[in-house]
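Enquirer: Below you will find the structure I want to go over with you.
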Amino acid sequence: MGSHSAGLEETLGVLPSLLFCKMLRFFKRPLVVTADINLNLVALTGLGLLTRLWQLCYPRAVVFDEVYYGQYISFYMKRMFFLDDSGPPFGHMLLALGGYLGGFDGNFLWNRIGAEYSSNVPVWSLRLLPALAGALSVPMSYQIVLELHFSHCTAMGAALLMLIENSLITQSRLMLLESLLIFFNLLAVLSYLKFFNSQKHSPFSPHWWLWLMLTGVSCSCAIGIKYMGIFTYLLVLSIAAVHAWNLIGDQTLSNICVFGHVIARAVALLVIPAFLYLLFFYVHLMLLYRSGPHDQIMSSAFQASLEGGLARITQGQPLEVAFGSQVTLRNVFGKPLPCWLHSHKNTYPMIYENGRGSSHQQQVTCYPFKDINNWWIIKDPGRHQLVVNNPPRPVRHGDIIQLVHGMTTRLLNTHDVAAPLSPHSQEVSCYIDYNISMPAQNLWKLDIVNRESSQDTWKTILSEVRFVHVNTSAVLKLSGAHLPDWGFRQLEVVGEKSRGPHESMAWNVEEHRYGTSQEQKERELELHSPTQVDISKNLSFMARFSEVQWKMLTLKNEDSEHKYSSTPLEWVTLDTNIAYWLHPRTSAQIHLLGNIVIWVSASLATVAYTLLFFWYLLRRRRSICDLPEDAWSHWVLAGALGTGGWALNYLPFFLMERTLFLYHYLPALTFQILLLPIVLQHVSDHLCRSQLQRNVFSALVVAWYSSACHVSNMLRPLTYGDTSLSPGELQALRWKDSWDILIRKY
Amino acid sequence: MLYASGRFLAARAATTLHAPPRARGPALRGKRRELQIPGHLETPSYDSLTGLRTRSSAPPARRVVLRKGRMPPAIGSSHAGSELRLRRGRCAPQASRAGGRDKVPQVAARSLKRPAWSSWRFETAGWWATLAVVTLLSFATRFHRLDQPAHICWDETHFGKMGSYYINRTFFFDVHPPLGKMLIGLAGYLTGYDGTFLFQKPGDSYEHHNYMGMRGFCAFLGSWLIPFAYLTVLDLSKSFPAALLTAALLTFDTGCLTLSQYILLDPILMFFIMAAMLSMVKYNSCANRPFSAPWWFWLSLTGINLAGALGVKFVGLFIILQVGLNTISDLWYLFGDLSLSLVTVGKHLTARILCLIVLPLVLYMTIFAVHVMILNKSGPGDGFFSSAFQARLSGNSLHNASVPEHLAYGSVITVKNLRMAIGYLHSHRHLYPEGIGALQQQVTTYLHKDYNNLWIIKKHNSNTDPLDPSFPVEFVRHGDIIRLEHKETTRNLHSHYHEAPLTRKHLQVTGYGINGTGDSNDFWRIEVVNRKFGNRIKVLRSRIRFIHLVTGCVLGSSGKILPKWGWEQLEVTCTPYLKETANSIWNIEEHINPKLPNISLDVLQPSFSEILLESHMVMIWGNNGLKPKDNEFTSKPWHWPINYQGLHFSGANDTDFRVYLLGNPVVWWLNLVSIALYLLSGSTIAIALQRGVQLPAELEGLTRVLLRGGGQLLLGWMLHYFPFFLMGRILYFHHYFPAMLFSTMLTGVLWDTLLRLCAWGLASSPLGSRIHVMGILSLLLATAYSFYLFHPLAYGMIGPLAQEPESPMAGLRWLESWDF
């Protein structure tokens with residue numbers, strides 16, 4: 001490449017005359033551009049693009065999980081807030097980027113698999129990014145094997161296996177995240193290897209920095225797409241840690257130098273990923289500023305920070321709750337349902353089904369819908385008035401208050417009566433004076449949980465408060481149980497002696513206004529009228545981030561069964577498949593189905609590697625070195641990446657309790673595929689003793705690869721879904737009984 | 001006492017250990033000698049694990065030094081090649097005495113014959129005396145006020161009850177392996193408890209029942225924790241103050257004390273864990289004399305204790321893991337020692353397999369064998385187990401029963417789900433509530449035997465009574481279309497296109513029709529799994545599926561508990577996914593058909609391995625079933641090390657006798673600080689060594705103790721703590737206590753070593769020489785004083801709660817979350 005570095009000299013402060021001389025000299029030489037083009041790489045990229053991009057728009061219908069991701073893309077297009085517990089937002093945003101570039105307006109109803117796309121959906125550009133990622137994985141695996149110091153032939157082998165693996169093709173041709181994940185996984189590994197290989201000759205060179213930074217960036221991108229990315233991140237981190245530890249032990253380096261190395265790695269592999277992860281969420285929350293379908297799950301403060309929705313209602317409420325304020329109280333925990341403290345004229349039944357008695361006072365429940373009966377008035381026990389003074393007298397932490405139910409003007413009360421469904425807790429009621437022996441116990445002490453000082457005032461939306469009963473020190477709590485018919489299946493509210501702070505004991509004021517009406521009739525009218533005045537609330541990014549993150553991690557998906565769900569044990573032997581799509585009329589169909597030859601031989605290679613590794617290791621321990629030192633270290637590094645990557649991406653699934661699918665195995669599979677040709681080369685180089693054996697082995701490998709190609713070709717109709725096979729042909733493809741291939745009966 | 005002990009230590013260092021003479025070394029009789037020769041110090045030669053690190057000190061001579069270390073003259077009998085262990089120089093204390101006798105003349109006798117002899121005797125005497133004091137104090141604290149309170153505390157209600165079950169020989173189900181409860185039962189039996197007390201709920205008074213035997217047994221085992229910890233630390237650190245500090249921290253910890261005083265599994269579990277740890281450490285230090293009697297003794301004792309730990313609770317797996325890791329690294333170094341022949345290495349391997357795998361396994365199975373032999377009467381746990389299992393229990397309807405062998409039309413049957421603890425197909429005269437599917441009769445599964453579990457098997461198309469003697473017997477065959485009629489309510493088992501109450505993707509199963517007349521949705525095809533069509537169906541042994549004819553779905557139970565309206569029985573659904581899971585496979589258990597000859601069920605007797613397997617499946621299922629509810633406060637693992645919140649063992653109100661399980665905050669927070677300090681100092685030293693920093697000989701001994709001994713303890717803490725973060729089941733504070741033991745031992749080792757390092761660093765100033773003694777003394781005093789403050793937590797408090805100013809515990813509620 002020609003150098004235009006003359007300009008740089010200037011900055012060094014060299015005399016202009018000298019510069020002139022240099023320029024002259026520069027022009028004396030011809031401008032030469034030399035480029036190394038590895039035709040292997042070009043060819044592989046070309047083939048990758050061909051297999052992944054061919055007929056990308058087909059089928060022009062919703063395929064399998066596109067039905068979910070498509071929804072999220074639409075939300076991005078419409079800027080509506082949503083919460084997806086399956087992973088961080090970077091992957092969704094990448095998909096949405098495709099939609100944005102294709103000019104998608106978000107107007108499509110993603111309601112069922114197989115629905116035809118309307119003309120406004122830019123299918124090609126939506127599917128483009130995953131397909132590109134899938135295509136680029138092919139040349140990248142070539143380079144990874146090269147960087148591991150194995151031969152070009154081996155590297156080609158790895159890339160060709162990636163190229164023809166049917167499951168990878170299927171997965172990257174659709175609006176799904178796995179191919180993006182695999183792309184960044186491989187990129188992380190590749191850039192770490194490049195970085196590691198440049199460590200010896202040129203530490204701290206721009207080249208070195210580039211690959212180091214890229215490692216961190218691609219790790220965080222992988223995590224940003226799916227939490228599964230963490231496994232590859234851990235792999236890279238632990239390999240880097242071992243290398244760094246060896247570096248520390250290198251006594252030819254000065255302390256300063258070692259310190260620099262360690263710091264550089266820490267910044268690139270720890271700080272940058274953390275920062276980028278936050279950045280993804282920042283962009284995500286910036287993009288989604290409108291209220292959307294999942295608002296209810298979020299806290300009032302979060303909802304108020306979104307445009308529309310709750311913000312429209314709470315806009316302009318007074319901030320500080322004062323004596324006489326009219327409020328609705330939302331439970332902070334919100335499980336099993338988000339709900340508001342509620343009461344109504346009905347009383348607890350005298351005798352429950354199981355024979356226990358109640359106080360027969362007015363029910364207090366938690367109600368999951370907005371309702372006029374959710375309004376409560378904060379009253380000073382010392383005074384009778386239910387209006388706000390001028391100036392308002394704010395309620396502070398530790399104040400004793402009474403809560404008056406707006407519509408029935410009864411006081412919130414609890415007493416030593418067993419609650420209807422949680423007998424170990426106290427019943428909470430609105431007190432009715434029946435002239436019986438049970439006196440009113442309606443004083444509550446306000447305890448602001450997230451206070452900064454003990455003098456804090458009670459703030460709308462922002463404060464999370466607990467109501468501690470003065471007589472019994474029980475705390476008002478949502479028990480999580482649904483009342484029976486007599487309680488209209490609303491949620492039970494109880495008083496529980498505190499066993500520890502729990503979010504189900506915390507409440508926050510959602511809607512709020514200063515009450516002004518003296519008379520009950522007037523007040524009822526006032527309660528029906530909308531709120532007024534104006535203060536806007538802005539939540540900091542970190543608060544919003546931590547809430548979204550926390551909700552993502554704790555949200556439980558009840559659905560634990562799916563027709564195509566599978567267990568990790570079925571993946572290794574490819575005992576399962578997923579039907580992605582079926583043509584509405586013909587029997588053309590798309591399946592996630594791997595190339596069985598590759599799957600089986602990759603697993604065998606992993607086993608072979610492990611056995612060989614332990615064999616060598618034991619022999620080395622007895623000082624018998626079968627491999628030269630160099631070959632041994634390459635062999636170990638390759639195995640650490642291949643087997644380690646496979647194990648880290650696969651074994652944790654045994655501990656997971658969520659619904660699992662075959663596609664969860666694909667990242668692990670790529671690592672196995674990388675290892676497969678490496679093991680083959682090792683066998684040929686070190687275990688075949690004569691040239692003859694080597695030739696025979698090569699012939700076998702060629703035969704094996706052609707069979708893989710053949711299988712890949714046979715499964716092609718199920719991968720692309722472009723040809724409609726006859727029932728007989730489909731039946732013939734059902735090599736395993738457990739494969740679920742759809743055969744039309746007509 | 002401490003001062004004396006310090007001297008004993010110094011004497012030992014001067015005589016039995018061949019400590020290198022220090023540059024500044026004053027006369028050994030000098031007054032300050034105990035501080036100038038830290039007890040840790042040993043020759044730098046016997047290290048091989050850290051061999052890499054010592055490389056820098058004398059690279060060319062290393063090989064030679066190692067050789068010397070491998071076969072020191074002091075212990076001539078030592079086996080070659082165990083260089084790994086030799087750096088400890090000494091084996092168990094007993095061994096040290098044996099070895100010491102030889103060493104004395106060699107190393108020190110020339111100049112110090114008499115003092116050495118007397119100090120050696122002094123040492124032994126002091127050694128035994130302190131151990132005795134530690135043990136006595138431990139027993140005294142554990143047995144003090146053991147009878148208080150004289151009512152059931154906390155989980156005594158479970159484990160006392162289970163002890164009674166053993167005495168009464170009634171079968172029950174529990175999520176833990178049986179050893180702990182068997183021992184409790186045995187202790188009760190031996191001390192004259194007759195098993196008649198009901199153990200109904202916490203707070204019930206024991207009255208005249210003899211509960212002290214069982215409590216005393218637990219306290220007895222709990223008391224041994226402290227001597228064990230003392231010996232372990234002594235062996236790991238070779239430092240007397242470290243061991244003493246550990247013992248004091250544990251003795252004065254209110255949490256450990258409380259947990260040891262009641263009829264619980266934890267003291268038994270911790271006893272075995274600590275005993276296993278101690279014997280592992282002992283056998284490690286015997287490594288220089290492999291295959292000697294003490295070596296075998298400690299090795300097999302490790303195995304026995306592992307079996308004990310696992311036999312009490314599955315938490316025992318963690319100590320097994322620790323011993324396993326230790327053994328692997330041990331073998332790895334033996335294997336790498338080229339002076340050992342492969343045959344020798346093979347012997348080592350075999351010995352470990354025998355003692356650490358085979359022996360525990362045999363013992364563990366013996367425990368189970370005893371368990372199933374003792375419990376031979378039918379009891380409350382029957383329904384959790386399979387039909388074959390129940391046939392063993394006398395009093396169970398399947399015991400010595402005889403039933404017709406093949407299923408025939410007209411038989412009255414019960415249908416049991418094949419998955420453990422799902423129960424029998426059940427129906428009753430209650431309808432599904434409105435809004436949940438169709439308003440028809442509920443069908444559930446029920447764990448207990450009940451007449452509502454009875455069904456009659458009928459042909460789908462005729463309602464004639466097949467039991468009419470004029471008809472010939474007709475057997476049900478694989479693939480037949482049948483109808484199941486509920487005997488009590490005469491409704492048919494029915495399914496239709498309505499979603500199931502809890503599992504929304506499945507179909508609802510109901511009881512439908514009157515007197516057996518329903519519709520085509522009542523037809524089921526009965527299939528035997530993995531059998532040919534046309535075969536007869538065997539009672540108990542055929543695994544069958546019911547396939548709904550109209551919708552093609554399979555009858556199954558989701559295992560989910562229905563709400564109140566369903567009496568908290570389990571949901572039955574018809575699943576459209578035709579996967580073969582145990583949830584949708586059933587067997588016929590009871591079978592009544594007067595027209596058929598009965599055969600004896602003795603053929604069913606399960607083999608011992610089947611019993612073992614089934615018990616474990618049920619236990620694992622039970623453990624997984626202990627899931628916390630959303631809206632409840634539950635203890636989280638991160639609460640534990642910070643002593644965030646305790647457990648009420650007895651009483652909660654101000655009038656009650658209250659016992660509150662809470663760690664002594666001084667001890668626990670010291671532990672917490674120590675772990676952080678350890679990580680800091682450990683990694684600093686490790687990095688320094690990796691950078692090739694040359695440490696003075698004195699420091700090398702200290703760092704070795706810190707990295708090796710401390711490392712083992714840290715590993716123990718991590719193994720007993722971190723797995724809880726992965727567990728989905730409900731967790732309690734007391735789960736942390738095994739980890740806490742390790743953490744306390746680490747504290748002892750760490751502070752002793754750090755103070756010695758300080759003393760070394762400040763050696764020139766007058767302060768330097770005293771800092772170690774002062775430091776240890778002040779830690780001991782602080783712990784003792786904190787115990788004085790907090791002891792009512794363990795021994796019981798009466799009076800107002802701590803937040804009231806007039807309470808005896810006023811001012812001690814340092815965290816708001818404490819509740820006493």
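Each residue, glycine too, has its Cβ placed from N, Cα and C.
In TrEMBL, annotation is done automatically, which means it is predicted and not curated.
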Enquirer: For the transmembrane segment entry in TrEMBL, name the matching range from A:6-26, A:90-110.
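Expert: Within the set A:6-26, A:90-110, TrEMBL attaches transmembrane segment to A:90-110.
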Enquirer: With TrEMBL as the source, identify the stretch among A:59-79, A:122-142 annotated transmembrane segment.
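Expert: Among A:59-79, A:122-142, the range TrEMBL annotates as transmembrane segment is A:122-142.
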Enquirer: Test of understanding: applying the rule of at least three C-beta pairs under 8 Å (pairs 6 or more apart in sequence), is the transmembrane segment (A:662-680) touching the transmembrane segment (A:592-615)?
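Expert: Output yes: the transmembrane segment (A:592-615) sits against the transmembrane segment (A:662-680).
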Enquirer: Counting only residues 6+ away from its ends, which parts of the chain sit with a Cβ under 8 Å from the transmembrane segment (A:208-225)?
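Expert: Result: 87-91, 94, 177, 180-181, 184-185, 187-188, 191-192, 194-195, 198-199, 202, 232-233, 236, 240, 264-265, 268-270, 272-274, 276-277, 280.
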Enquirer: Across the domain 'MIR' (A:318-381), what are the DSSP residue counts per state (helix, strand, coil)?
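Expert: DSSP composition of the domain 'MIR' (A:318-381): 3 helix, 30 strand, 31 coil.
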Enquirer: Determine which recorded stretch among A:31-50, A:122-142, A:176-196, A:268-289, A:662-680 has the most C-beta pairs below 8 angstroms with the transmembrane segment (A:90-110).
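Expert: Highest pair count goes to A:122-142.
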Enquirer: To what whole number does the mean pLDDT across the domain 'MIR' (A:453-512) round?
Expert: 85
Enquirer: Give the residue counts of the domain 'MIR' (A:392-449) per reduced DSSP state, in the order helix, strand, coil.
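Expert: Reading the DSSP string over the domain 'MIR' (A:392-449) gives 0 helix, 26 strand, 32 coil.
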Enquirer: Is the transmembrane segment (A:176-196) packed against any residues at least 6 beyond its ends, judged by a Cβ distance under 8 Å, and which are they?
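Expert: Here the qualifying positions are 64-66, 69, 87, 91-92, 94-95, 129-131, 133-134, 136-137, 140-141, 143-144, 147-148, 168, 208, 211-212, 214-215, 218-219, 221-222, 225-226, 228-229, 232-233, 235-236, 239-240, 243, 641, 645, 663, 666-667, 670.
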